[in-house]
Amino acid sequence: MSEDTALVVGLGNPGPQYEKTRHNVGFMVAGVLSARMGGKFSAHKKSGAEIVQGRFEGRPTILAKPRSFMNLSGSAVAGLARFFSVDPGNIVVIHDELDLDFGTIRLKQGGGEGGHNGLRSISSALGTKDYLRTRVGIGRPPGRMDPASYVLKPFSSVERKELDLVCEESADAVELVLRVGLEAAQNRLH
């Protein structure tokens, strides 16, 4: 990626009742990145997000968590992109991914949203799907459980034992893509 400002967005739902749910893994990874940046999230009134402003290896970086529910997060992401003049190619969205086994991390640019309404909202608000994604696997729901219910449930006790490591590795993946770009990061991770 270039030296232009990077916008890194962790997706999740606001409120303590969602804090430990699968859908909030993007917020969890953003928390790890915030600690690494040495910053604390604060409200950015013009966008409807909480942000940390800092530098990653000298590059201006905005770390964000939209304060709206995930399905409406596009407004905050587009607002931040406009306010900080960030091109969609310099946006990295961290989100939960049903189609990957728990703990699997994949990087991707553009493409479909795979039924993820948070991504759909962002694509619509930005007017493009051409932004980077850090996909954090949460696995498929068991049996016939509705995926919409599954993503709003807490991680299992077995998953919770590995969750901190998954969030650390996901943060590593975000930092890698910021450092070396998508293709080189994919070659190292995949």
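Any Cβ shown, glycine's included, is placed from N, Cα and C.
According to Swiss-Prot, the feature site 'Discriminates between blocked and unblocked aminoacyl-tRNA' maps to N13. Counting every protein chain shown, 22 other Cβ atoms lie within 10 Å of the Cβ of N13 (site 'Discriminates between blocked and unblocked aminoacyl-tRNA'). According to DSSP, N13 (site 'Discriminates between blocked and unblocked aminoacyl-tRNA') sits in a coil region rather than a helix or strand.
Sequence annotations record features per position, and here Swiss-Prot assigns tRNA binding site to Y18, F69, N71, N117. Every protein chain considered, the tally of other Cβ atoms within 10 Å of the Cβ of N71 (tRNA binding site) stands at 12.
When secondary structure is read from DSSP and collapsed to three states, H23 (active site, proton acceptor) falls in the helix class. Taking the Cβ of H23 (active site, proton acceptor) as centre and 10 Å as the limit, one finds 22 other Cβ atoms among all the protein chains shown. What Swiss-Prot lists as active site, proton acceptor is H23.
Following the DSSP three-state reduction, the secondary structure of D96 (site 'Stabilizes the basic form of H active site to accept a proton') is strand. Here the Cβ of D96 (site 'Stabilizes the basic form of H active site to accept a proton') has 25 other Cβ atoms within 10 Å, regardless of which shown protein chain they belong to. Residues or ranges marked as site 'Stabilizes the basic form of H active site to accept a proton' by Swiss-Prot on the basis of sequence analysis: D96.
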Site diameter for tRNA, Å, by largest Cα distance between Y18, F69, N71, N117: 16
Other CB atoms within 10 A, centred on F69 (tRNA binding site): 16
Other CB atoms within 10 A, centred on Y18 (tRNA binding site): 18
